Amino acid sequence: MARVSMEGAHEKLLHLTFEEAEGAESSENADNSSVQSSKFILWLQIFIFTFFTIGGQAAGTLLGRVYYEQGGQTRWIATLAQTAGFSILLPFICYPSTKNHNEDELTIHQPSIFVRASVYIFLGLFQVVNSMSFTVGVQYLPASTYSLISGSQLAFNAITSFLLNGQKITAIILNSIVLLSFSSSAVIFQNETGDSGEISQKSLLIGFAATTFGSLGYALQFTFTELAFQKVFKSSTLKEVMKMSFFIGFFVTIASLTGLFASGNWRNLEKEMGEYRTGKSSYVINLVCSAIAWQLYALGSVGLVFKASSLFSNVVINLGTSIVPIFAMVFLKDRMTGLKVFSLLLGLWGYTSYIYQHYLDDLEAKTSVIKASDDQDDDF
């Protein structure tokens, strides 16, 4: 009788162990399904932000070039057009969002208004200088040349991310930096004469210096933005991305308006509109569309920093620089000379090198997860 009781207890124990194993497996499958769903949403958001970044960059660059070609002359207006579109984000910021328990916990640790304002103003002033630098670059350089030089932003960001964000710099990443540096520098050896009229060597050097300075500035700005998300802002919602993009645009617009009125350029706006070759309506439409395009670019690039990293955001921006010359050739009749093609190929090579490193990092991460899972199974 005792033997039967012991056998029954043993069978019951095995049955419970089996049920626990099934429950653990079911829980693991549910967790895997949840992880896969989260990854899908993450990459969907990254795809949308990528589309905003590349689309806004291409449209904004070409519209900025058209502004000058059709008679626009005020740099502060062109700079203002790069940030004045922040108002389109207002409905999304004001729209009430549902909060869960985790978000309530995160809200408790949010920085004060003074800290927030300080970060926004600091990043905003950075963007004013960078936007003005890029405005000068667009004015003095053809769109294709400007885009190729601005590709150095990725190389600069790799360096600043290494110094400030602890970004790993491998041999492949270093190869990417060297290639992109050569890609952005090679064009200064060519005298531009066929894209949009004669361009002197002096103008080319000014445009090259301004665009390179703007690229370095934006690299630092993206690095500081990533630091702000990591160290200051603790919210994990997309509304935080919109808030940052909105308030940075707000402060940059105020600074640009101050520069416009302080310089006295606002007195020439009516004359500039009257002398615009395609008319006043085209003048206004160009600036409005530029503002929307650059705001989509800003929202997309900040979103990529938030969802991935500053370096990944700059990889996407650099991809856009490879696409813009194609649109410039189609819509603005820019010539793709041999040296530009060579610079473009170097840029693509450098971009591909970084993507390959990203692939290796993902492969290593997956291998580590699989190995850890196998070790747990062996222990069980």
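Even glycines carry a Cβ here, placed using N, Cα and C.
Caution: TrEMBL annotation is automatic and unverified by curators.
Since we're looking at a predicted model, the values are computed, not measured.
Here is what TrEMBL says about this protein:
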type: TRANSMEM; residues: 40-64; note: transmembrane segment
type: TRANSMEM; residues: 76-93; note: transmembrane segment
type: TRANSMEM; residues: 113-134; note: transmembrane segment
type: TRANSMEM; residues: 170-191; note: transmembrane segment
type: TRANSMEM; residues: 203-224; note: transmembrane segment
type: TRANSMEM; residues: 244-262; note: transmembrane segment
type: TRANSMEM; residues: 283-306; note: transmembrane segment
type: TRANSMEM; residues: 312-332; note: transmembrane segment
type: TRANSMEM; residues: 339-356; note: transmembrane segment
If we call contact 3 or more Cβ pairs under 8 Å (sequence gap 6 or more), are the transmembrane segment (40-64) and the transmembrane segment (312-332) touching?
yes
With contact taken as 3 or more Cβ pairs under 8 angstroms (pairs 6 or more apart in sequence), are the transmembrane segment (244-262) and the transmembrane segment (76-93) in contact?
yes
